[in-house]
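Student: Have a look at this one before I ask anything.
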Amino acid sequence: MTPTEEMNGSGNLMDFLDEPIPDVGTYEDFHTIDWLREKSRDTDRHRKITSKSKESIWEFIKSLLDAWSGWVVMLLIGLLSGTLAGVIDLAVDWMTDLKEGVCLSAFWYSHEQCCWTSNETTFDDRDKCPQWQKWSELMTGHALGAGAYVLNYFLYVMWALFFSFLAVTLVRVFAPYACGSGIPEIKTILSGFIIRGYLGKWTLLIKTVTLVLAVSSGLSLGKEGPLVHVACCCGNLFSSLFSKYSKNEGKRREVLSAAAAAGVSVAFGAPIGGVLFSLEEVSYYFPLKTLWRSFFAALVAAFTLRSINPFGNSRLVLFYVEYHTPWYMAELVPFILLGVFGGLWGTLFIRGNIAWCRRRKTTWLGRYPVLEVMAVTGITAILAFPNPYTRRSTSELISELFNDCGALESSQLCDYVNDPNMTRPLDDIPDRPAGPGVYAALWQLALALVFKIVITIFTFGMKIPSGLFIPSMAVGAIAGRIVGIAVEQMAYHHHDWIIFKNWCRPGADCVTPGLYAMVGAAACLGGVTRMTVSLVVIMFELTGGLEYIVPLMAAAVTSKWVADAFGKEGIYEAHIQLNGYPFLDVKDEFTHRTLATDVMRPRRGEPPLAVLTQEGTTVEDVEALIKDTDYNGFPVVVSRESERLIGFVQRRDLTLAIKSARQKQDGVVSNSVVYFTEDAPQLPASNPQPLKLRRILNLSPFTVTDHTPMETVVDIFRKLGLRQCLVTRSGRLLGIITKKDVLRHMAQMMNQDPESIMFN
């Protein structure tokens with residue numbers, strides 16, 4: 001027997017932590033993960049599987065299954081998110097039309113599907129068929145007249161209120177996390193923050209159902225952002241089936257990054273745009289392997305959606321456009337002006353919406369979410385019904401605004417004065433003077449523009465699922481179409497002006513107003529979200545307009561420059577800041593000349609740092625330290641006198657290890673000595689058995705010296721995803737800097753309230 005064993009009175013000193021403890025290495029809710037630890041755990045797991053695979057055929061097969069599990073998860077995410085998106089699209093179509101009437105031959109058909117199956121539809125009135133009846137016609141037998149109008153108006157408002165009441169009630173009762181867009185929270189989760197339940201099964205179910213109700217109620221919101229949340233819920237659901245992902249938070253986030261790509265893929269029918277969106281806008285850590293898997297998930301999701309064919313046009317794109325005229329260099333001027341408008345609208349929207357959301361958080365408004373949703377829905381429905389452009393669903397509105405006026409169009413926007421002698425092919429109609437229908441449409445569109453700009457500010461952020469992509473695009477598309485018609489009429493009436501002379505001959509088809517709507521939509525979406533590359537790709541995938549990349553790029557870049565001039569953050573970053581999520585944005589620059597010693601704690605006048613010694617602390621001391629403090633972990637030093645740093649131990653791991661040792665290991669009592677060294681300390685024989693906790697000690701915590709510039713520290717926190725880093729001088733521990741300290745310091749340097757970044 002060794003002397004140590006004699007002194008401890010035990011012939012079998014058990015290193016209790018040779019057995020892995022359940023839940024050690026996991027994280028508590030609202031805490032940040034340790035990316036470096038997750039990475040090294042995955043490397044260890046992989047090394048173990050590789051070495052075992054050489055032992056037998058069975059182990060080799062298991063290693064193959066492990067390697068393929070990532071692709072299986074992507075396949076499942078793609079299939080489920082594609083299916084859910086298809087179901088949501090079909091349900092929204094039906095329920096939006098239900099506010100105006102019902103199909104008698106089959107009540108589950110939308111207006112369009114009802115008249116597809118009819119043999120009695122005429123070409124001029126293709127939207128009218130005997131099978132589809134408005135509510136007034138069904139109830140009173142009259143389709144026209146003041147009484148019928150009032151009844152239809154009343155029922156439209158009632159249906160809208162019913163849908164939104166159902167949506168907000170389901171969210172409140174079953175899944176409070178299902179509200180909002182979801183993208184700010186997903187950005188925060190992907191940066192390493194834990195929000196338990198945010199991607200749970202209930203959230204998935206309720207978000208899917210309430211998304212249909214919220215969009216159908218006619219509120220100024222879209223389904224695109226929430227579909228990213230839905231896809232990430234699918235990703236989380238399938239991650240839990242494979243231990244490789246369920247037990248490693250870092251690996252799980254790789255799956256969620258790919259799921260976000262699948263979400264945008266099905267929201268817009270834009271698989272490549274989805275991958276770029278995940279890379280540019282959402283993801284924090286995006287290795288090459290994740291890029292391929294995102295591509296695969298987006299592909300499967302898009303293929304699944306195409307099989308369901310919710311738009312009934314056998315296309316994946318939402319707003320298919322086919323313009324017959326090229327764009328000209330002189331048109332870049334109005335395109336850039338639309339970019340400026342998009343940037344200004346983005347700034348106005350972000351400032352207005354954040355001010356309203358802050359008011360909601362700090363006043364009585366926040367206590368009555370149902371009342372707020374009902375009030376906004378009531379106002380929206382009452383103001384939207386009289387105007388045909390706001391009454392219809394926003395997607396239909398954008399589709400009409402993007403459309404080019406062909407010879408077969410019956411829309412009011414295409415009411416031009418035709419030349420009776422015109423003998424041209426149908427797809428190449430020359431510019432014509434605008435008729436009374438176009439002028440009436442312009443007035444209605446101008447009113448719709450003001451209505452959308454104002455109401456969207458109050459709608460986004462309510463306690464129902466609400467996306468921002470479609471309302472922003474609608475604002476831009478309306479503005480773009482108005483500008484497009486103005487340029488078209490100028491070119492027609494003043495074709496001898498110097499700006500039109502070179503490219504616009506009389507009788508030619510020079511200007512396409514639909515293209516201006518498309519460029520305006522891209523500009524406004526860019527102004528709000530600050531996307532650039534992914535935005536342009538999403539727009540040309542969305543419309544199929546490949547040759548219009550340059551106008552789209554010009555508008556997207558201009559809108560970003562203009563919006564950035566007023567403030568660097570997009571709407572999602574602004575909401576992250578408003579909610580106080582601990583998110584270190586990679587795009588932010590830190591240019592202040594402060595040092596680690598200015599930020600570290602303890603500061604002058606504060607009590608000394610709570611530390612553990614490598615040997616000599618009892619179980620009781622450790623438990624008292626955990627009880628009296630709320631720190632996430634404790635540095636371990638050689639002794640309190642020398643303060644030489646040994647390592648760092650997490651609070652949760654300590655708690656679990658001591659609890660497990662008390663249950664499983666004999667002789668561990670309150671005055672047992674806890675030691676973190678390889679060998680047990682020399683103790684008298686009368687002492688109870690000591691407890692070895694070296695296994696949970698991180699022997700290589702990240703350290704910086706007290707003179708390290710904060711610019712470097714911020715960079716390290718961003719790139720390595722650290723939770724905390726220790727500050728030393730010549731190996732002596734001086735203090736600690738946590739992620740929250742860094743965020744507080746950055747807020748202080750920007751003259752903001754440092755406490756505003758705390759999670760609330």
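Placed from the backbone N, Cα and C atoms, the Cβ positions cover glycine too.
According to TrEMBL:
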- 600-664: domain 'CBS' (DOMAIN)
- 697-755: domain 'CBS' (DOMAIN)
- 68-92: transmembrane segment (TRANSMEM)
- 153-175: transmembrane segment (TRANSMEM)
- 255-279: transmembrane segment (TRANSMEM)
- 328-350: transmembrane segment (TRANSMEM)
- 370-389: transmembrane segment (TRANSMEM)
- 441-461: transmembrane segment (TRANSMEM)
- 468-487: transmembrane segment (TRANSMEM)
- 515-540: transmembrane segment (TRANSMEM)
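I'd like to know what surrounds each of these features in this structure.
Tutor: Here the domain 'CBS' (600-664) is broken down by DSSP into helix, strand and coil counts: 24 helix, 19 strand, 22 coil.
Sequence-distant contacts of the transmembrane segment (68-92), counting only residues of its own chain at least 6 positions beyond either end whose CB sits under 8 Å from a CB of the stretch, comprise 208, 211-212, 215-216, 223, 227, 230-231, 234-235, 237-239, 241-242, 244-245, 255, 258-259, 262-263, 266-267, 289, 293, 296-305, 307-311, 393.
Within its own chain, the transmembrane segment (370-389) is flanked in space by residues 153, 156-157, 160-161, 164-165, 167-169, 172, 217-220, 360, 397, 412, 441, 444-445, 447-448, 451, 455, 458-459, 462-464, 478, which lie at least six positions past its ends and keep a Cβ under 8 Å from the stretch.
Non-local neighbours of the transmembrane segment (441-461) in the same chain are 180-181, 219-221, 345, 348-349, 352-353, 356-357, 360, 376, 379-380, 383-384, 387-390, 397, 412-413, 415, 468, 471-472, 474-475, 478-479, 481-482, 485, 571, 575; each lies 6+ residues outside the stretch with a CB under 8 Å from one of its CB atoms.
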Student: Among the recorded stretches 153-175, 468-487, 515-540, which has the greatest number of Cβ pairs closer than 8 Å to the transmembrane segment (328-350)?
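Tutor: Looking only at 153-175, 468-487, 515-540, the most contacts with the transmembrane segment (328-350) come from 515-540.
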Student: With DSSP helix as H/G/I and strand as E/B, how many residues of the domain 'CBS' (697-755) fall in helix, strand and coil?
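Tutor: Result for the domain 'CBS' (697-755), in helix, strand, coil order: 24 helix, 18 strand, 17 coil.
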Student: Would you kindly list the residues that approach the transmembrane segment (515-540) from elsewhere in its chain, counting only those six or more residues past its ends and only Cβ-Cβ distances under 8 Å?
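Tutor: Beyond its ends, the transmembrane segment (515-540) has Cβ neighbours at 264, 268, 270, 272-274, 276-277, 279-281, 321, 323, 327, 334-335, 338-339, 341-347, 349-350, 398, 401-402, 468-469, 472-481, 483-484, 487, 546, 548-549, 551-553, 555-560, 562-564, 569-572.
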